[in-house]
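A.B. asks: Copied straight from TrEMBL:
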DOMAIN    B:74-170  domain 'Cytochrome c assembly protein'
DOMAIN    B:299-397  domain 'Cytochrome c assembly protein'
TRANSMEM  B:6-24  transmembrane segment
TRANSMEM  B:45-67  transmembrane segment
TRANSMEM  B:79-98  transmembrane segment
TRANSMEM  B:103-121  transmembrane segment
TRANSMEM  B:141-163  transmembrane segment
TRANSMEM  B:175-198  transmembrane segment
TRANSMEM  B:265-283  transmembrane segment
TRANSMEM  B:310-330  transmembrane segment
TRANSMEM  B:345-362  transmembrane segment
TRANSMEM  B:374-393  transmembrane segment
């Protein structure tokens, strides 16, 4: 470090300055032996906050995160961790409710280790989230540490630069020319450079030409975009900002959309296949390829005062085209076909074997007080077991799915006080049990429907995430498709000094300058001299 | 129409091939003195052929789209062919910035090798499953591929730099790994050649086995060194020295036709090594030394800059295609913009890797050798994502 930061041009520089803020003269002893100033030019030789010795805890943290080296290490660790996470499928993709034994069973000892180290659910693990957060902090601090001094330096650029500064640029040339030609020469340089869209500034016979400065802001803008993106991810944790549910809706059914005032009706589920002759022969022996999954849905909103449902949107939901209503999104995500929906029974008078008629039970709307009229009989469901089984000789239901529906009906003749009980169990004949019964009830017909699996999403931070992504792209484009190029010209003691600097792509810069008439015969190659 | 499409593809292949030869002619040594002029002439021919090749491939894509009714980037054959297209386009852009003939002599052969490799996969036009039916298919896949094409040019420029700096070294880490990299490239070529050869004699082997309780038949087009786990032979054409598969694939490899793919990987390694052996015997020296004279006169800083420039051009395009467009489409199709699907993760890994590259280069001054090795490493990650993730790991993206 230098003790005296006053430059020979008279400017007082902050401690840590490498190139004089005013004239550009190299100040630091450590760089006097260097071939060129490429490294030092990166932040215009300005003193950065992180490089001025300070020892408060805040400064220590600041200095740690302001290092690009730290940022790169964080990136590499994240990269490696993300890679490890793909060796075996993540838990969310595993079709098992007991992941621990699943990994061991399918992937052996490695699977067991993988699971016990937490790699099987690593993307939501605390340490992975911590890594990403640290990258976020690094983005903020790295950017602030550099962009402020850089902005100040570029804003206060001086036209007249120290001769040593010009000579030690990576592209530089000097030639002796007579004093009376110098004005004409510099005029010509200015003319030709401005033809190439350089912005020209002249002062005391010196010249500074500059273009593409926005390239320098690219990295900072893309970092801002990334920070907004990461914040968008954080905002998901605000209550009500993120919803991830799924529901099954049968055809004809109206179902509440979880955690919202909305209801959705599945009018019809449609599955289409490609015509077989359209698929190539080689595939013909395989299953037909599905062309379309579609749910014709109607979205209703419940009026909070009257409690009535009002249709707000009718939409055919297909894969890649969800139903959108305000923040709510409904996606086609699955289907079930042939679900039992209604059963038709027929009632027979046993002695005469005359059919008295039929009645239909809607399994989803079955109620105890419901009464079916069959001729002059009334039939009432006393019990309903959707998934019938016997446990200790008592009837139970194993689930609410109608896998093996069983019923106890009460059949009453008109005017009678008590009726007779009648068992109907699908797949079983109970005739002997109810031998004294006058009427028998039998299955006549099964009615099936399809059901659609709908994914329910609300993601209010999506716009923020999207805006972050766009800002990131703008920053990248500015940074990579523009180049900050500068040319300094100065005449001193009979010699014309020309120096050039670009933040990247030296050969393109050299090609541009070498193609100019005024620089003919100059050696402007960016080789290390 | 199908015939026209096949002819167009063949023409594309042929044009890329002779473009490669033209570029090689341009840089090969000559007794004459007007080397620069010769280089320029052959360079013009080479770039002209490349452009015509790109035009033919554009026509191929258009024809295939007319036949299939969708943009042809929906399976391995279509995607790898498109990647070649992207590489050719990225090369044309870089060529017009830097006019380097040497680069063409290395990039265009890569396009040829990859196009040959693409044709190993089934070329049928397959109907699109519902998840792929979206205008985001062409937008997302083509931008991602264009970005990768630019990365590929960066990789080749890095490789050229390595040949120039380590090509004439007898030993050393750089020399060794450079040779290994070249052998890996040869594996792609060797595998394509083997596949072509066995295709010509209609080699076939079939195995029946169970995947998650469902009966399944796996077909092999190369002699089975490895068979599916717990499988029965249905058909096994004879191949000298291979009466039965040597071993079974591990049980956990459950992707679609995983064992057959593992078999292909093993054959690629064998083919690459055989090809390398033959070349080595013919040339009497390591491959890097044989290539060294081609790049001898090159300015190393220039190649270094080309490598960086290609990656810098590719990075925003890749970000847009492989991450941003991907997220928008994933949101439309699956209801979440990010789901840690293996392909997504590897796109992120690629992106993180190249951002590390850019930071190391721009902030830490990693130029030259280090930077070139990173360019090679980045392309290896892209290839892992393309081949290993699509073929070996099951996920939402395993369409092929």
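Even glycines carry a Cβ here, placed using N, Cα and C.
Those TrEMBL annotations? Automatic predictions, nothing curated.
Help me picture these features in the structure, burial and contacts included.
C.D. replies: Summarised by DSSP class, the composition of the domain 'Cytochrome c assembly protein' (B:74-170) is 75 helix, 0 strand, 22 coil.
When DSSP labels each residue, the domain 'Cytochrome c assembly protein' (B:299-397) comes out as 82 helix, 0 strand, 17 coil, counted as helix, strand and coil in that order.
Within the same chain, residues 71, 73, 79, 82-83, 85-91, 93-94, 102-103, 106-107, 110, 174, 178, 181, 288, 291-292, 294-295, 298, 300, 303-304, 306-311, 313-322, 325-326, 347, 354, 368-369, 371-376, 378-379, 382 sit at least 6 positions outside the transmembrane segment (B:141-163) and bring their C-beta atoms closer than 8 Å to a C-beta of that stretch.
Taking Cβ pairs closer than 8 Å, the transmembrane segment (B:265-283) reaches residues 182-184, 186-191, 193-194, 222, 225-226, 289-290 in its own chain, all 6 or more past its ends.
Among residues of the same chain six or more beyond the transmembrane segment (B:310-330), those with a C-beta under 8 A of the stretch's C-beta atoms are 90, 93-94, 134, 136-137, 139-151, 153-154, 157, 336-339, 344, 347-348, 350-351, 354-355, 357-358, 375, 378.
Long-range contacts of the transmembrane segment (B:345-362) within the same chain, counting only residues at least 6 positions beyond its ends with a Cβ under 8 Å from a Cβ of the stretch, are 144, 151, 308, 311-312, 314-315, 318-319, 322-323, 326, 370-371, 374-375, 377-378, 381-382, 384-385, 389.
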A.B. asks: Looking at the stretches B:6-24, B:79-98, B:175-198, B:374-393, which one shares the most CB pairs under 8 Å with the transmembrane segment (B:45-67)?
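C.D. replies: Looking only at B:6-24, B:79-98, B:175-198, B:374-393, the most contacts with the transmembrane segment (B:45-67) come from B:6-24.
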A.B. asks: Should anything in the same chain at least six residues away from the transmembrane segment (B:175-198) have a Cβ under 8 Å from its Cβ atoms, list it; otherwise answer none.
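C.D. replies: Distant Cβ neighbours of the transmembrane segment (B:175-198) are 110, 113-114, 116-117, 119-120, 159, 162-163, 166-167, 169, 221-223, 264, 267-276, 279, 286-288, 291, 373, 376.
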A.B. asks: Which sequence-distant residues neighbour the transmembrane segment (B:6-24)? Criterion: at least 6 residues beyond either end, Cβ under 8 Å.
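C.D. replies: Contacts with the transmembrane segment (B:6-24): 42-43, 45-47, 49-50, 52-53, 56-57, 59-60, 63, 81, 84, 88, 101-102, 104-105, 108-109, 111-112, 115-116, 119, 294.
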